Amino acid sequence: MYDLTGKHVCYVADCGGIALETSKVLMTKNIAKLAILQSVENPPAIAQLQSIKHSTQIFFWTFDVTMAREEMKKYFDEVMVQMDYIDVLINGATLCDERNIDATINTNLTGMMNTVATVLPYMDRKMGGSGGLIVNVTSVIGLDPSPVFCAYSASKFGVIGFTRSLADPLYYTQNGVAVMAVCCGPTKVFVDRELTAFLAYGQTFADRLRRAPCQSTAVCGQNIVNAIERSENGQIWIADKGGLESVALHWYWHMADQFVNYMQSTDDEDQEFFLGQR
């Protein structure tokens, strides 16, 4: 059980409903500090969060997850001045726009990876950090394909691949930073917008989604926090239709098995090099 009491949480999000609802739940967990980085200012939402727990310090930055990593570094240098350290990083920025593939990939995948690459050195135990937890909020169509939202699905598949790769003991045993993902099912906020299919053949289905039964953002946010509290390194969760379940992961091609002779060190020098101790 991961105890959020006293933790310093950094949430990189868009201005959607899941981020706000997740933050509301986090504020009930006696966290010490909450940094919110999102694309749009929302003072009423910040005030609402603060009213839940007055003793929790909340900081806000207007943030574009698609910015260059060099610019991100400047932001997070400032974040660290206020936060001192980060225990939990939540990546929740998302975009579903099949007409704009670049923006979809940059927001959902490239931006998330750049954020992780920027924040990890602050958390890495071998670089003066205290370890911690990275939570990548993704989608159920990052587990199985979507014939309607092809670009969105591809970006979310990438999040799962990145999460599982970064959670490998090769890194975790060194930096002490666990990595997990929560795959959210559709919410009413998601389907209650103009959705465009990747190809015109799928548009009828995209239009019908508006009438589909979906979970509320409040329930989804609660289950994201539930997943965090039950987290283990490398774990993938599904938060859909009001429920939460762990994904049974399967290896089809495991690098350590396929390249067993390469992956096993032959002497101490190779061991130090492979484990990233140089």
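Any Cβ shown, glycine's included, is placed from N, Cα and C.
Since we're looking at a predicted model, the values are computed, not measured.
Sequence annotations record features per position, and here Swiss-Prot assigns active site, proton acceptor to TYR152. In sequence order, LEU95, CYS96, ASP97, GLU98, THR104, ASN108, SER139, ILE141, SER146 make up the list of same-chain residues 6 or more apart from TYR152 (active site, proton acceptor) whose Cβ falls under 8 Å from its Cβ. Secondary structure at TYR152 (active site, proton acceptor), taken from DSSP and collapsed to helix, strand or coil, is helix.
For ASP14 (NAD(+) binding site), the Cβ neighbour count at a 10 Å cut-off comes to 16, with all displayed protein chains included. Per Swiss-Prot, the feature NAD(+) binding site maps to 11-34.
According to Swiss-Prot, the substrate binding site annotation covers SER139. In the three-state DSSP classification, SER139 (substrate binding site) falls within a strand.
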CB within-chain contacts under 8 A for ALA32 (NAD(+) binding site), separation at least 6:
GLY6, LYS7, HIS8, THR56, GLN57
By the count of other Cβ atoms within 10 Å, pick out the sparsest of the binding-site residues LEU20, LEU26.
LEU20
